[in-house]
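Student: The structure that follows is given in the form of structure tokens.
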Amino acid sequence: MQPRVVILDYGSGNLRSAQRAVARVGAHATISSDPHTALEADGLVVPGVGAFAACMRGLRALRGDRVIGKRLAGGRPVLGICVGMQILFERGVENDVVTEGCAEWPGTVERLDAPVIPHMGWNTVDAPAESAMFAGIDKDTRFYFVHSYGVRTWEMQTTSPHLKPPLVTWSTHGTPFVAAVENGPLWATQFHPEKSGDAGAQLLANWVATL
């Protein structure tokens with residue numbers, strides 16, 4: 001049976017392209033803004049484009065932040081894409097305005113420190129060797145990015161021997177920034193896997209395989 005995946009419609013993101021990309025790798029993908037439907041799906045994709053603050057307003061308007069929290073509390077997979085990854089952090093800072101995020105991870109989304117903004121186009125990533133997200137993907141593969149803001153410092157410290165620390169993948173545009181995170185049922189990418197060709201399809205297939 002195909003796993004059921006909901007692409008969360010909260011007024012932001014490349015909904016149709018994400019839906020098509022997830023469907024192509026074997027899931028039954030639908031677009032929905034209904035919190036109950038999003039909560040009950042086998043997998044939830046949280047897309048996002050544009051401003052951090054606008055995305056958080058849209059997400060909170062349909063209680064999407066609570067849906068994400070409830071899913072993760074129950075170990076149910078969530079995949080954040082682009083600003084859908086950024087809003088998983090504690091806060092975003094745009095034009096000196098601070099907006100609270102979902103706070104699944106500590107850290108601040110801020111403007112990239114680079115001579116050319118936005119970061120638009122193809123770039124390589126440095127993924128941990130044990131990454132399940134990047135399984136079957138060559139190390140020098142490029143993914144498609146389009147963003148002006150990102151997480152430049154990973155602040156989460158895990159010292160307990162009983163807790164598995166998140167796997168953090170980095171990329172560089174001017175200075176390093178977080179390109180992807182794997183944290184149990186919560187995966188997220190700053191780049192767009194749905195626009196990243198065969199490599200993006202492999203990544204999405206790896207995620208669907210966890211459902």
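Using N, Cα and C of the backbone, Cβ positions are placed for all residues, glycine too.
Feature annotation from Swiss-Prot assigns active site, nucleophile to Cys82; the stated evidence is sequence analysis. What Swiss-Prot records for His192, Glu194 is active site. Look at Swiss-Prot and you will find 4-211 tagged as domain 'Glutamine amidotransferase type-1', backed by sequence analysis.
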Student: Would you mind reading off the Cα separation of the residue listed as 'active site, nucleophile' from Glu194 (active site), to the nearest angstrom?
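Tutor: One finds 11 Å between the Cα atoms of these residues.
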Student: Any idea which of the active-site residues Cys82, His192 has the thinnest Cβ neighbourhood at 10 Å?
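Tutor: Comparing Cβ neighbour counts within 10 Å for the active-site residues Cys82, His192 gives His192.
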Student: Around the C-beta of Glu194 (active site), how many further C-beta atoms are within 10 angstroms, looking at every protein chain?
Tutor: 27
Student: In which DSSP state, out of helix, strand and coil, do we find the residue listed as 'active site, nucleophile'?
Tutor: coil
Student: Where does His192 (active site) sit in DSSP terms: helix, strand, or coil?
Tutor: coil
